[in-house]
Amino acid sequence: MGKNVVVLGTQWGDEGKGKVVDLLTERAKYVVRYQGGHNAGHTLVINGEKTVLHLIPSGILRENVISIIGNGVVLAPDALMKEMTELEARGVPVRERLLLSEACPLILPYHVALDNAREKARGAKAIGTTGRGIGPAYEDKVARRGLRVSDLFNKETFAIKLKEIVEYHNFQLVHYYKEAAVDYQKVLDDVLAIADILTAMVVDVSELLDNARKQGELIMFEGAQGTLLDIDHGTYPYVTSSNTTAGGVATGSGLGPRYVDYVLGIVKAYSTRVGAGPFPTELNDETGEFLRKQGNEYGATTGRSRRTGWLDIVAVRRAVQINSLSGFCMTKLDVLDGLKEVKLCVGYRMPDGREVDTTPLAAEGWEGIEPIYETMPGWSETTFGVKEHSKLPQAALNYIQRVEELTGVPIDIISTGPDRDETMILRDPFDA
């Protein structure tokens, strides 16, 4: 039997999943996206050349890998075509390597218009979405009115369904939000112009994955965002609109849940967050700015500067529980180089003085929380590009070991730079 490995984020996204997926796909036959949309921003650096993917799985640059967009992903046709065109201009034969589920919900211009209208209306209480229509598209899916890739096979029926839903959403846009209506004919023309390209890539993903598993193929599932942005388990309402956790693999791809063999949690050596929402270890000082600059913490999708802070072990332990993590990959260890001391958040002090070591479930429960820190010596030596575990500074090794002790999960991979080969694989997930 084959082995199925899940790669997902353990924090608020931006942990470095894309690089790790790209690295590990050297052995994989399939790479599957199972949730989210083009709100993801997965950055790959190969031989110094940077590639940012938003919708297409990170395995697309490997000629031996088939990339799959599963049913749990909301798919923006225009965004997919843009990404395909850019990759094809660089010589990547995307259409030979990419497959789609016919059950993918479509993100269309009225979703984007609604997303931005709602954020504008929220004012100071805005969630901080990427403004790309992700939430409204999932909303249509759950309400059973959304259009899917499968609808593109019958263009006449698609046109009728589209007209109904455009009228439905335009009423809200114009009369409630006082925004401009979406042009039905333009949306229809734009989608139909590329419909045949999309339908040509459609397969029965569940059937394909089950057959691949039986044939002993190695399959990797690529998560987007992070555990603490999960619609059910994250810092609600400051979350995304999909299940970013390991449970989303089965529902978002059609793989049977018993067939997940290893779950790799990507954990950044410190914490970051984009947009609004709780962030107990946030640093609004020189150290926070140091982390932002050294880590180049600016969103691959939005360009927004990320909030930065110390590694929150309490939050990461929640990710361990929810995802039943098999191991960690620690990324951006090199960003901590040069700090005299480093801190780990090992508990929270509540407003009433109680000390706890678990995360609240709703955003309101995080208000007034103070982090309880464990302080460790930093290191002056560089870890950037180090490829042997034994050559890391002792203080860095101590930091890694302490994270393992506090979480109960081994760190199987360590990333010391953005390039594919600036990585130490201590235990390969496909062999674990």
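In case you wondered, yes, glycine gets a Cβ from its N, Cα and C as well.
Classification of D14 (active site, proton acceptor) by DSSP places it in coil, neither helical nor stranded. If you look up Swiss-Prot, you'll see D14 marked as active site, proton acceptor.
According to DSSP, H42 (active site, proton donor) sits within a strand segment. What Swiss-Prot lists as active site, proton donor is H42, and the listing cites sequence analysis.
Feature annotation from Swiss-Prot assigns GTP binding site to 13-19, 41-43, R306, 332-334, 415-417; the stated evidence is sequence analysis. In sequence order, A40, A224, Q225, G226, L229, T244, R273, V274 constitute the residues six or more apart from G13 (GTP binding site) in its chain with CB-CB distances below 8 Å.
Swiss-Prot lists D14, E15, G16, K17, N39, A40, G41, H42, T130, R144, Q225, T240, R304 with the feature IMP binding site. DSSP gives T130 (IMP binding site) a coil state; it is part of no helix or strand.
Take the CB of G41 (IMP binding site) and look out to 10 A: across all protein chains shown you find 20 other CB atoms. The feature Mg(2+) binding site is assigned by Swiss-Prot to D14, G41.
Around R304 (IMP binding site), a 10 Å sphere centred on its CB holds 13 further CB atoms from the protein chains shown. Summarising the annotation, Swiss-Prot assigns substrate binding site to A300, T301, T302, G303, R304, S305, R306 and lists sequence analysis as the type of evidence.
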Counting other CB atoms within 10 Å of each candidate's CB, the least crowded of the binding-site residues G16, G303 is G303
Minimal Cβ count within 10 Å, across the recorded positions K19, H42, R306, points to R306
Span of D14, E15, G16, K17, N39, A40, G41, H42, T130, R144, Q225, T240, R304 as binders of IMP, largest Cα separation rounded to whole Å, comes out at 34
According to DSSP, S305 (substrate binding site) sits in strand
Rounded Cα distance, in Å, between T416 (GTP binding site) and S305 (substrate binding site) is 22
